[in-house]
Amino acid sequence: MHSSGSSFAKAGHEPGPPLWLLAELTYRCPLQCPYCSNPLDFAKQGAELSTAEWIEVFRQARELGAAQLGFSGGEPLVRQDLAELIAAARGLGYYTNLITSGIGLTEARIAEFADAGLDHIQISFQAADEEVNNLLAGSKKAFAQKLAMARAVKAHGYPMVLNFVTHRHNIDNIERIIELCLELEADFVELATCQFYGWAELNRAGLLPTRAQLERAERITNQWRDKLAAENHPCKLIFVTPDYYEERPKACMNGWGNLFLDITPDGTALPCHSARQLPVQFPNVREHSVEHIWRHSFGFNRFRGDDWMPEPCRSCDEKHKDFGGCRCQAFMLTGDASNADPVCSKSAHHEVILAARRQADEAPLGLGELQYRNDKASRIICKA
């Protein structure tokens, strides 16, 4: 890792520190969720960073001011050096969290991670129904393993943090999802409707809930919030909606290259999880220092500030609130990452969003029609 290379830093747009570092340790995963955010072509990605290379990334990012480090994937548990990486991150002063499906987790590994200094474990579920969960995961044993490991995480003194990715095929069971979380003594529950990137975008026609489904689910969630608050119950419910039913875009990542730094398994550095699909050459930690990447690389400066914005964003009085929306969504839905996010009603491409809403109401795909995330499918997509 070195610092050589041209500087594309923009005067007046000096970034702060990359406070949140995400280490996507691997794209390997025993599950095949059809809403995975990993790139469609994950099967052709390069060799994973070694233990030593990851630790050097952690060190350099910490020097820049990174404070929180997430271990993600794929499934990070397939990395046999995970405890060593956790210990190194802890020694550098990071707050660390493990984002996992729970597949591959054991009580022994939980204890090992605790000894290494891991602060937080989040376990994801596909559904509260065993059959649907296992179908979406592609494993007949997934649901039972998740239940066992959720209980084990709690027993080892960790806060119980659960994530349910919701979509049109499970969101109507939101009440049962919440009940299951309470049975597991969850402290925090993220009820996160699919965000349509990667495999989720490929399967959007089969995953996007209708507006009526979302409104019902949010209403039930709010009723449970009121009930839990009245009982002084510690469980917190977080409801995340897709922006497909909004008229203004989200402030994606709180601005491009502003707070978030993602390092992919092969060392490519990204300003968000999905940016790899853009027609932008992003830097790699094997070739450049993290400091150079964050401050000077073309990829991280491409959409900083607002000088890149065309109309209607350039003259919009909301541009410093939403930063023009999501660059990846603009690229996926309009073919040009510089365009206004089509979620915005001011966008010339807003009809794409309206059409997706109509499709959710009129012609959705069934569970059996989804393209599941696996190595074979990725290789076929790579050849297409």
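Backbone N, Cα and C define each Cβ position, glycine as well.
For Cys29, Cys33, Cys36, the entry in Swiss-Prot reads [4Fe-4S] cluster binding site. If you look up Swiss-Prot, you'll see 15-231 marked as domain 'Radical SAM core'.
Within 8 Å of the centroid of the Cβ atoms of Cys29, Cys33, Cys36, where the record puts [4Fe-4S] cluster, the same chain has further Cβ atoms from Leu31, Gln32, Tyr35, Asn38, Gly74, Glu75, Ser101, Trp199, Arg373. Over all protein chains present, the Cβ of Cys36 ([4Fe-4S] cluster binding site) has 24 other Cβ atoms lying within 10 Å.
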